[in-house]
């Protein structure tokens, strides 16, 4: 412990794996390794295919590249501490290292939310205004959107580590997960955390909450446009271009909303449920997104098959 008058701050926190199943951590690490491997390889393949295939140099696939980079970052943020705990029972993480990991996890989560909104906007323009799509979403516009997304995440979350650092901690130093999460750290403090709670809630609602609302509104407008199409084949073709994105939105937002609700209102929720939702939120989307897009996107699938044929040849 570091002592400075009445101010107490732990030198480290203790991470937790899956409660009640500590003896099975080496075996549990096997599916986690498979998910991390899928996330790392899958997203790298998506990036490689998009870079090497000239026909995929379009706004939709630029945004998909941003999503893949974000998913790689999320996987790499939690991989060292999660596998370190499961394999070697390394539970200790330094206070500052914990704040840094938390900051990057939340930034990448906010960026992923914003990228999914940008992809929804791209689908809306492509379906509702197909002739204007190339002139609206130019390369420079996509680049500006990407920079704005990153800056929004970095700036909005910048106060969070400092708000946590000013708190006094005492007693418990055990986290609920094998990674650092803002509500988890905040609840270990024995000081007034109203500012942290208020700021965290405002930022969450004004970023991720607004992103989700605008995504829903985008699909309402998309459905209105699709319904106005003359033939059933045109309707199905238009909707088919959105299936991958809808799956990615559901895979990301459902666990995130669930975890936020558990941390704020689920004091009586069993620890195992809390842990499973947290892992679902941070590990499943990076692993599933490349699989979803490889299966559902005809252009990605065909480019991947061409690349495999060239290697065999």
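First residue shown is number 1, and so on along the chain.
Positions of Cβ are set from backbone N, Cα and C atoms, glycine also.
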Identify the transmembrane segment range according to TrEMBL, selecting from 142-164, 165-187.
142-164
Do the transmembrane segment (24-50) and the transmembrane segment (276-295) share at least 3 Cβ pairs under 8 Å, sequence separation 6 or more?
yes
What stretch of 100-121, 142-164, 276-295 shows the most Cβ pairs under 8 Å to the transmembrane segment (197-222)?
100-121
